[in-house]
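So the structure is just underneath, and the comments pick up after that.
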Amino acid sequence: MSTAAVQDARKQAEALDNEDSIAFVRDEFNIPTKAQIASSRLADSHPAALPASEDDSKCIYLCGNSLGVQPKRTVTRLNQYLTTWATQGVQGHFKPLEESPLPTWLDADAKAAELIAPVVGANVSEVAVMQTLTANIHLLMSAFYRPDINGRHKIILENKAFPSDHFAVETQIRHHGLSTEKSMVLIESSSKDNIISTEEVLSVISAHADTTTLLLLPGIQYYTGQLLDIPAITAFAHKHGIFVIWDLAHAVGNVPLYLHDWGVDAAAWCSYKYLNGGPGCIGGLFVHTNNSVVTKEITDEKPEEGYNNRLAGWWGNDKKTRFVMANKFHPVAGAAGFQLSNPSILDITSLSASLEIFQEAGGMEALRSKSLKLTNFLEATLGQMKEEDRAHFRIITPSKPEERGAQLSLMLSDGLLDTVMKELEARGVIVDERKPNVIRVAPAPLYNTFKDCVLFVEAFSAALEVAKQHAL
């Protein structure tokens with residue numbers, strides 16, 4: 001960028017940051033310093049307790065699409081949990097403690113469901129905080145993928161699906177004794193950047209409607225950052241009698257979702273990206289009310305006929321009978337009836353600490369409002385780079401704001417990625433890469449600033465200069 005362009009961008013960023021009505025929530029997060037990310041030693045103390053270092057300025061962390069930064073209150077809530085365990089032992093399951101903000105362990109999953117429901121636009125009964133993303137996708141398919149080789153047996157997914165989704169579909173098909181060659185349909189994109197148009201999705205559905213029983217798609221495509229038209233695709237699939245599951249790994253906590261109102265059948269997500277639950281934290285699951293009805297009481301004759309069959313575990317039992325320890329499974333109505341084992345309270349406590357901040361920020365609509373401005377500003381600032389630099393990358397994420405979330409994916413010219421990533425890290429910038437040529441840049445509205453976007457573009461320009469020299 002020219003000196004004048006840099007100065008202008010910095011002035012714009014300062015004005016936008018001053019106007020930011022939710023800027024206060026940035027202080028709720030531990031954003032690593034440049035010295036910390038450069039260090040190869042484990043810190044002796046928690047970041048909040050460390051003295052000022054030789055480089056105490058915050059790094060430019062634009063990697064919330066891969067792993068969100070740590071909320072400061074996570075340590076507080078986890079210490080409260082550990083204190084409960086240390087002082088109460090098994091009583092922590094049932095015994096409420098005065099002055100504790102934490103629920104009993106028996107009710108921790110229900111409290112977490114209350115916190116996540118507005119984030120995904122669901123009734124509380126339609127969500128469960130449980131398992132991990134791929135495990136939940138398998139659980140959903142075990143309940144709702146019922147192939148008939150002489151009728152409906154196909155599953156439709158995108159040809160560039162995240163590998164775990166692809167593996168889940170492959171193995172579910174094989175588990176039923178079918179072949180992927182006949183029962184797996186891949187949606188091919190006509191775009192060189194693998195952007196899948198809604199029309200392409202609907203066309204594949206139409207072509208295979210009579211033989212398809214299930215559709216699995218991402219809410220936001222992990223590689224390109226494209227936001228798919230969830231309500232339109234869901235409605236079209238339903239017209240053809242197809243059950244729809246959405247992988248919301250990159251959508252949850254990123255864009256507003258209205259799963260109940262959109263009539264989504266089922267969905268699953270992880271919580272370590274935009275939800276800031278921590279590495280490998282517990283996942284989540286949505287099952288629409290229409291698909292989780294329990295019509296018989298456990299006292300009725302053949303109560304097992306009163307609900308949709310699924311792989312079951314004791315934590316899915318109705319709480320009223322869970323601890324009776326009878327070998328008679330009778331699920332609670334709703335998504336909670338799909339739970340297997342008692343969930344990790346450590347994970348739920350960590351996730352809930354972050355979800356408290358979502359509430360304080362004003363919910364997903366407020367976050368989306370800022371996110372649109374952040375990503376638009378990032379895109380515009382990238383457009384101010386020198387022409388000779390812009391010749392070495394292009395943005396493959398859709399340019400329409402309504403067709404993307406926070407992330408912009410930048411496709412670099414061949415041979416530049418490794419050097420660019422190394423140079424960005426040396427300048428205190430954290431983004432992630434997808435081989436062979438893509439870097440993903442995701443300003444998260446909870447903790448990123450407009451200034452972060454400018455500093456990234458400045459560092460990116462410098463990194464490209466070094467990479468071009470190395471490529472000669």
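From the backbone N, Cα and C atoms, a Cβ is placed for every residue, glycine too.
Per TrEMBL, the features are as follows:
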type    : residues                                                         : note
DOMAIN  : 61-289                                                           : domain 'Aminotransferase class V'
BINDING : L133, T134, F162, P163, S164, D165, D247, H250, Y272, W314, N342 : pyridoxal 5'-phosphate binding site
MOD_RES : K273                                                             : N6-(pyridoxal phosphate)lysine
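Residues L133, T134, F162, P163, S164, D165, D247, H250, Y272, W314, N342, recorded as contacting pyridoxal 5'-phosphate, have a largest CA-CA distance of 31 Å. Separation of the C-alpha atoms of D247 (pyridoxal 5'-phosphate binding site) and K273 (N6-(pyridoxal phosphate)lysine): 13 Å, rounded to the nearest whole number.
Taking every protein chain shown into account, F162, Y272 are the binding-site residues, and of these the Cβ with the most other Cβ atoms within 10 Å belongs to Y272. Closest to the residue listed as 'N6-(pyridoxal phosphate)lysine' in space, going by CA atoms and restricting to the binding-site residues L133, F162, S164, N342, is L133. Of all Cβ atoms in the protein chains displayed, 24 besides its own lie within 10 Å of the Cβ of K273 (N6-(pyridoxal phosphate)lysine).
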